Amino acid sequence: MSFWRCLALLLGPVAIYRAHECDVFTDLDLHHSIIGTSLYVKLLLYTRANLICGQELSHHNLSAQPQFNVTKPTTFIVHGYRPTGSPPVWIHDITQQLLARGDMNVLLVDWNRGAANVNYLKVVTYTHDTADNLTAFIESMQENGASLSSIHMIGISLGAHISGFVGAKFNGKIGRITALDPAGPMFTGKPPEDRLDPTDAQFVDVVHTDMDAFGFRKPLGHIDFYPNGGADQPGCPKTIFSGSSYFKCDHQRSVFLYLGSINRTCNIRAFPCSSYTDFLDGHCMDCDQFKPAGCPVFGYDSIEWKDTLVPLNQTKAFFTTNKQTPFCRTNYRVDVVTWNHDTRWGFITIKLHNGSEVTEATINHKTSRFEKYTETRLLAQFDKDIQKVYKISIKFSTGNALQPKLKLRVLRIRLTHLDDQCHPLTHRPLCRYDVILEENKELTFRPIPCEESNF
Ligand SMILES: *[C@@H]1O[C@H](CO)[C@@H](O)[C@H](O)[C@H]1NC(C)=O
Ligand SMILES: *[C@@H]1O[C@H](CO)[C@@H](O)[C@H](O)[C@H]1NC(C)=O
Ligand SMILES: *[C@@H]1O[C@H](CO)[C@@H](O)[C@H](O)[C@H]1NC(C)=O
Ligand SMILES: *[C@@H]1O[C@H](CO)[C@@H](O)[C@H](O)[C@H]1NC(C)=O
Ligand SMILES: *[C@@H]1O[C@H](CO)[C@@H](O)[C@H](O)[C@H]1NC(C)=O
Ligand SMILES: *[C@@H]1O[C@H](CO)[C@@H](O)[C@H](O)[C@H]1NC(C)=O
């Protein structure tokens with residue numbers, strides 16, 4: 001028996017066995033990326049009946065895979081540039097978490113053959129081909145009874161623009177496009193037809209986490225979330241000496257933030273505002289415009305705000321995060337009235353205690369101004385939500401070691417929990433009257449209920 005026949009006999013049963021196995025995302029390496037790959041669009045289906053084990057779908061015979069029920073909602077996940085050819089690390093989490101939220105078809109669009117190429121420009125041209133391919137597939141879904149409004153496309157980086165191109169082919173009738181850090185290079189400055197734009201779906205939500213490198217700076221959707229301002233993410237390396245994570249950490253953070261919103265690890269409120277600076281300065285804490293729901297929640301559930309957001313055309317919204325999961329922080333509005341004769345400038349540090357835990361916020365992105373009998377309004381952001389605040393510590397500092405220590409004479413300080421404005425009873429504002437803060441000296445007190453007052 002020849003070597004080859006022997007090998008065929010050995011492998012034969014394996015091949016038959018494999019037919020019942022899972023179909024997996026194309027796994028390539030740097031070598032493929034250097035020679036370049038040509039486009040192949042593989043569709044992997046995950047449902048509640050095949051949660052972990054993906055099944056490849058035929059592009060031309062939708063009934064060939066009985067698990068694929070087109071009358072259910074379908075979520076496409078479209079990845080981006082894959083310069084190393086490896087499968088994305090978040091595949092398992094995103095498919096599992098979506099299926100935990102709803103009974104749907106999750107279609108992982110694997111265009112790794114195409115996306116794995118050191119030549120980014122070539123990959124950009126493939127985004128149009130991938131979009132055409134998906135458009136044809138969605139057309140056959142329609143012929144089989146699917147409705148466009150039950151389709152949600154989640155596009156990561158280049159995948160965001162692919163989703164936009166598909167959406168444009170259907171004149172914006174697709175239900176929703178979510179763009180996770182849409183790619184900037186080769187798309188920035190392009191007209192709407194050459195990139196994602198709000199007319200591509202009934203609702204387009206976007207998150208920007210790396211707009212100064214691989215991401216896109218300008219708003220592209222009905223709502224554009226800019227976590228931590230949208231450029232640099234906390235916990236991501238700031239120097240190239242940290243290896244490859246230096247390149248992808250900010251960009252990838254969009255996916256991890258979104259995952260946390262699908263599984264509701266924490267609800268992140270985002271504050272509509274014209275700029276990140278205005279947000280940090282505390283100019284955008286009012287959510288009355290969104291009554292009774294309050295300001296939009298970031299991520300998967302932002303669709304609940306669709307009817308309010310779409311008529312506004314384009315909304316930019318801001319929040320800050322922790323450096324790891326749980327990413328959500330807790331925001332308080334701090335209103336301070338002072339009575340020093342001379343205007344004081346400085347920073348405020350606040351600690352909230354509840355007997356077992358403590359959390360701290362430092363408001364030092366710039367010096368705050370405290371003028372006699374004038375209310376100074378600040379945004380304080382804590383890394384966690386302390387229930388039943390029992391003690392508050394406050395410190396005032398000027399950062400100026402050369403001048404004599406100053407005092408800040410506080411007539412009233414009031415802390416209002418912002419994330420729960422619609423449940424004022426669970427988070428009553430906390431007040432304290434008539435205290436003197438000596439510079440750099442922490443003052444700790446029990447908060448008392450606030451009086452209705454003119455201040
Ligand atoms: C989409 O891509 C797949 C694989 O690359 C191919 O088999 C299929 O024919 C394509 N569909 C269309 C409409 O070109
Ligand atoms: C599609 O697949 C089903 C199930 O495998 C098969 O019965 C049917 O003949 C196929 N249709 C075509 C047009 O190939
Ligand atoms: C397809 O999904 C719909 C809606 O969930 C359901 O009513 C129907 O029974 C399903 N069809 C099959 C063949 O499972
Ligand atoms: C939710 O997703 C986040 C981000 O992937 C993860 O860290 C967290 O463990 C998940 N929580 C649950 C309960 O699955
Ligand atoms: C939204 O855009 C439409 C069409 O361009 C315009 O008529 C409308 O005034 C805009 N609405 C807002 C709130 O800017
Ligand atoms: C303090 O707050 C934490 C976080 O919200 C909570 O888990 C804990 O039970 C609270 N402890 C007390 C004594 O209220």
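Cβ from N, Cα, C; glycine included.
Taken straight from TrEMBL:
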ACT_SITE  Ser157  active site, nucleophile
ACT_SITE  Asp181  active site, charge relay system
ACT_SITE  His251  active site, charge relay system
BINDING   Arg195, Asp197, Asp200  Ca(2+) binding site
DOMAIN    39-327  domain 'Lipase'
SIGNAL    1-19  signal peptide
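The shortest Cα-Cα distance from His251 (active site, charge relay system) to any of the recorded positions (Asp181, Asp197, Asp200) is found for Asp181. Other residues of the chain with a Cβ within 8 Å of the Cβ centroid of Arg195, Asp197, Asp200, the Ca(2+) site, are His161, Gly164, Gly167, Ala168, Pro192, Glu193, Leu196, Pro198, Thr199, Val204, Leu220.
If you measure from the Cα atom of Asp181 (active site, charge relay system) to that of Ser157 (active site, nucleophile), you get 5 Å. Mapped onto three states, the DSSP output places His251 (active site, charge relay system) in helix.
For the residue listed as 'active site, nucleophile', the nearest neighbour among the binding-site residues Arg195, Asp197, Asp200, judged by Cα separation, is Arg195.
Take the recorded positions Asp181, Asp197, Asp200: by the count of other Cβ atoms within 10 Å of each Cβ, the lowest one is Asp197. A helical conformation is recorded for Asp200 (Ca(2+) binding site) in the three-state DSSP classification. A simple way to gauge crowding: the CB of His251 (active site, charge relay system) has 24 other CB atoms within 10 angstroms, across all the protein chains here. Using a 10 Å radius centred on the Cβ of Arg195 (Ca(2+) binding site) and all shown protein chains, the other Cβ atoms total 24.
Confidence in the domain 'Lipase' (39-327), given as mean pLDDT, stands at 95.
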